[in-house]
Amino acid sequence: MGTRWFAKNTTMSKNSIVIGVDLDGVCADFYGRMRQIASEWFERPIDELPEEVSWGLSEWGITNPSQYDSLHRFAVTQRELFSSMEAIPGARKYLRQLSDEGFRIRIITHRLFIHYFHATAVQQTVNWLDSHGIPYWDLCFVKEKTQVGADIYIEDSPENVAQLRGRGLFTICFGNSTNRHIEELRAASWQDVYDMIKAFVT
């Protein structure tokens, strides 16, 4: 199955290729910022919260979805999570390079999950993208990422990677501790992402 995602596409022109880019965990350091906020939320020294986590953050003492939702809601509404994350190294550089080469960058994120907070979530997202110099052609707020019609996807969520690949879509898994079980293609850095995209279209 791993080699399936190395197959080259010889029918695409760079100027027509849309790259669907996840935001949290791919462009923005979601887990790094959440760790800071969780330290405050649980009133625990940050050194007690491991940097290496699994999906659901059980390593920080979260035992059920309700606890995760409470922490996440606090992070978003009270600590401006969407506008306070650091950029993942290389995201700005290589997305700008891909954009300059004619690829269309489509940012795809599922952030409209808190009722009556949509306008703020959108504004924080746009402000973050602009302040970090992340280029994009489109910005899509959607849960089902297969619906956005990209040619290449960069994603870190194990569920989303499986769903996209299940539809036969070329998907690069941006590696972190939550998705180590996911097969190739895997990128350990944004330079890896860039090299994989170039290999796919060359």
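Cβ atoms here come from the backbone N, Cα and C positions, even for glycine.
Of the residues ASP151, ASP156, ASP192, Swiss-Prot places ASP156 in the same Mg(2+) site as ASP22, ASP24. ASP22 (active site, nucleophile) falls within a strand segment according to DSSP. Those residues of the chain, other than ASP22, ASP24, ASP156, with a C-beta within 8 angstroms of the mean position of the Mg(2+) site C-beta atoms are LEU23, GLY25, VAL26, CYS27, ALA28, PHE30, THR109, GLU155, SER157, PHE174. Counting in whole angstrom, ASP22 (active site, nucleophile) lies 8 from ASP156 (Mg(2+) binding site) by their C-alpha atoms. The number of other CB atoms found within 10 A of the CB of ASP24 (active site, proton donor), across every protein chain shown, is 21.
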